[in-house]
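Novice: Annotations per TrEMBL:
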| type | residues | note |
| --- | --- | --- |
| ACT_SITE | GLU103 | active site, proton acceptor |
| BINDING | THR28, GLY29, SER30, THR31, ASP81, GLY82, ALA83, ASP84, LYS94, GLY95, GLY96, GLY97, LYS121 | substrate binding site |
Amino acid sequence: MNPDEMKKTAAKAALEYVESGAVVGVGTGSTINHFINFLGTIKGKIEGAVSSSESSTARLKALNIPVYDLNTVSDLPVYIDGADESNHYLQLIKGGGGALTREKIITAVSKKFVCIADQSKLVDILGKFPLPVEVIPMARSYVAREIVKMGGEPVYRENFITDNGNQILDIHGLEIMESAKLEAQLNNITGVVTNGLFAMKPANVLILGTPEGAKTIYPK
Ligand code: 5RP
């Protein structure tokens, strides 16, 4: 089974977390694209969706799934999204697709975060995948210098602008032992919009696609 088939397996299993009559939080990425397709098959069951990116919004709308402005939604039982890495506490690195800020906002609003991924995303220590940091463009060099002082190697993601009009620095060379502390430290640098560590509010459930089927993992 290739990684894309495993992503599809995880995405299908996540349908069980979709609540009837509710608005569903929908993330961004290739795993979520499978989920959106599956969601289309049960769209009559839900009220609609909130979306973490313009690309997911376009896919949802193409399937005639209503997409709401998050400001109009006060109750969001579940948010479903992928990840670039998860540790065994279900703390995540996200933002490979650059949608980290909207993803973190929807995570904050949701009651339950169900993460879906192929089995390669589960790791013992976060950081092999470069950690994305969204920055206000004029602050990029300053933020990069501050990250170097912290021991990271920031790399400017060239030719990429987020849906919020900002830029991304990807931090290489980290072995993240204290995820929540690092998440807070990075967010505290002036000019940082947010970073791709989801440690202070980790996922509640991780569904991994494996050749043997979907495997559900809870935080250690
Ligand atoms: C986008 C994300 C994605 O969830 C993450 O990059 C995983 O993507 P994929 O499902 O394509 O492997 O955080 O900002």
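Glycine too: its Cβ is placed from the backbone N, Cα and C atoms.
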Novice: Pull out the binding-site residues from the set THR28, SER30, ASP81, LYS94, GLY96, LYS121 whose C-alpha sits within 10 Å of the C-alpha of the residue listed as 'active site, proton acceptor'.
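Specialist: Taking THR28, SER30, ASP81, LYS94, GLY96, LYS121 one by one, the ones whose Cα falls within 10 Å of the residue listed as 'active site, proton acceptor' are THR28, ASP81, LYS94.
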Novice: Given the binding-site residues THR28, SER30, and counting only Cβ atoms in the protein chains shown, which has the most within 10 Å of its Cβ?
Specialist: THR28
Novice: Given the substrate site residues THR28, GLY29, SER30, THR31, ASP81, GLY82, ALA83, ASP84, LYS94, GLY95, GLY96, GLY97, LYS121, which other residues of that chain have a Cβ within 8 Å of the mean position of their Cβ atoms, reported in sequence order?
Specialist: GLY27, ILE32, ALA99, ALA117
Novice: Looking at Cβ-Cβ distances, which residues of the chain lie under 8 angstroms from ASP81 (substrate binding site) while being 6 or more apart from it?
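Specialist: In sequence order, the residues whose Cβ lies under 8 Å from that of ASP81 (substrate binding site) (at least 6 apart) are GLY25, VAL26, GLY27, THR28, GLY29, ILE32, SER52, LYS94, GLU103, ILE106, THR107, PHE113, VAL114, CYS115, ILE116.
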Novice: Between all pairs in THR28, GLY29, SER30, THR31, ASP81, GLY82, ALA83, ASP84, LYS94, GLY95, GLY96, GLY97, LYS121 (listed as substrate binders), what's the biggest Cα distance, rounded to the nearest Å?
Specialist: 16
Novice: In sequence order, what residues of the same chain, 6+ apart, have a Cβ less than 8 Å from the Cβ of ALA83 (substrate binding site)?
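Specialist: When sequence neighbours closer than 6 are ignored, ALA83 (substrate binding site) has LEU92, ILE93, LYS94, CYS115, ALA117, LYS121, PHE198, ALA203, LEU206 within Cβ distance under 8 Å.
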Novice: Are there any residues in the same chain, six or more apart in sequence, whose C-beta is under 8 angstroms from the C-beta of GLY96 (substrate binding site), and if so which?
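Specialist: Those within reach of GLY96 (substrate binding site), by Cβ under 8 Å and sequence separation of 6 or more, are GLY29, ASP84, PHE129, PRO132, GLY196.
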Novice: Between LYS94, LYS121, which of the binding-site residues has the fewest other CB atoms within 10 angstroms in the structure shown?
Specialist: LYS121
